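Undergrad: Can you read through this structure? Questions will come right after.
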């Protein structure tokens, strides 16, 4: 992708084809996703500082917003040019260069789809042992490990499906290039492709904007249910009530929680046990990245008697 994006964009510019440049723009969104993933891995290895006590995970969110805005700026320019071409029809396209560049885009997406498909098969084989007679552990660590393998497999499958979508788009550009190469009078196919592919770019990036907006506003991640978390916390022995519960994300996949529990009177000797169970529930069952559990004994608030009632009783 790093080499293909400038190749496609340059080829589209030389051929004067907006369709190829829009296809390259869609590839830029994929490249941004890869860069953000690498950035997240790099940031996760950096230790928090005295000034940034949560670490630098939000830089991934900031980078995502900047990359999407850059894509939108380029897309707006291409759409403006497409509208001008549709209205005036005063442009020429080099059909030979457009056809060659579109063929390169199809080839790259075919290779990416093949590699992702092979990666998915290798991943599934490496984690499946149908002839093993070793009993499986039900420990939380084993559950989390198998869950991470499942998420990795799903990520590869999702990337494969996305690559198929890119392949379909590249084939559409190739068909348009073929038409323009042999039927120059149908050059309107170029701006039409730009309109269609711009919609695809918006559909690809709108999810990123929604996810980053939720993280910036410190909303609860969509895969978690606060009521369910409260119900499970209340099932812990000696928990009387939940005073407060805050759940948010530092970045994608790194959820944090702070919970304030009130315990039944006389249970001070079990505080460490309750805290351990609550932490295990949040970290292992709900997959929190970090959590903080605060405890206190429940104290019933005494109703304050008004001064007039006190004086009348006296």
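Glycine residues also receive a Cβ, built from the backbone N, Cα and C atoms like all the rest.
TrEMBL labels come from automatic prediction, so no person has curated them.
What TrEMBL records for this protein is below:
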type	residues	note
COMPBIAS	123-132	compositional bias 'Basic residues'
COMPBIAS	133-149	compositional bias 'Low complexity'
DOMAIN	4-217	domain 'Cation efflux protein transmembrane'
DOMAIN	223-296	domain 'Cation efflux protein cytoplasmic'
REGION	123-149	region 'Disordered'
TRANSMEM	24-44	transmembrane segment
TRANSMEM	64-83	transmembrane segment
TRANSMEM	95-116	transmembrane segment
TRANSMEM	159-180	transmembrane segment
TRANSMEM	192-209	transmembrane segment
Undergrad: Per DSSP, how many helix, strand and coil residues does the domain 'Cation efflux protein cytoplasmic' (223-296) have?
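TA: So the counts come to 27 helix, 30 strand, 17 coil.
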Undergrad: Please indicate, using numbers and ranges, the residues of the same chain that are 6 or more beyond the transmembrane segment (95-116) and have a C-beta under 8 Å from a C-beta there.
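TA: 1, 4, 7-8, 11-12, 14-15, 17, 19-20, 23-24, 27, 156, 159-160, 163-164, 166-167, 170-171, 173-174, 176-178, 180-182, 184.
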Undergrad: Over the domain 'Cation efflux protein cytoplasmic' (223-296), what does the predicted model average in pLDDT?
TA: 91
